[in-house]
Amino acid sequence: MIELEDHDHAKCVARILTHAETLCQKRGVRLTEQRRKVLAILADSHVPASAYDILDKINRQGNKLAPVSIYRALDFLTAQGLIHRIESRNGYVACTHAHESNECGETGSCDPENVTVFLLCDQCGQAGEFHSEALQGLLDKIAATERFRANAPILEISGTCAQCQDSSIEPLEAHEA
Ligand SMILES: [Zn+2]
Ligand SMILES: [Zn+2]
Ligand SMILES: [Zn+2]
């Protein structure tokens, strides 16, 4: 679980990248330079980025990459559970799930059978990732009753984050104007 307000983001980015390296090594898959670059761009912000946002950033860094390479990298990172696709924002975020904790078990990334909850802020655009045992239990119960097998369920909830609620009296744009 990640607290978006007041967190050490540099530590957050470092943790995501270190975890990706360890995990890929453990699984015997290659975190190529391209894949790492795409992950680093996603890790840089908690606001979901589209494939074209990523392409744009890579080009501005002076690297030329074809859109198809971005999509391939995104497919790889999604398959490894290192990033998540946020349908309602048409973008991707790096997984910030606390992977060093026991709840990840052997897999070391978000279990595709477990529900991931995203709290999406309509104002700053940030996505907070959460896992809830209570919610998981409820979903398992519903799935069992319906004999339904959920495939990487993601719950996307939009609203206003704590930070934006606190600053709503004096919006940021007022300072910029
Ligand atoms: Zn962060
Ligand atoms: Zn995750
Ligand atoms: Zn916000």
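Positions of Cβ are set from backbone N, Cα and C atoms, glycine also.
According to TrEMBL, the protein carries these features:
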{"type": "BINDING", "residues": "CYS121, CYS124, CYS161, CYS164", "note": "Zn(2+) binding site"}
On the three-state reduction of DSSP, what should I expect for CYS124 (Zn(2+) binding site)? coil
Among the binding-site residues CYS121, CYS124, CYS161, CYS164, which residue has the fewest other Cβ atoms within 10 Å of its own Cβ? CYS124
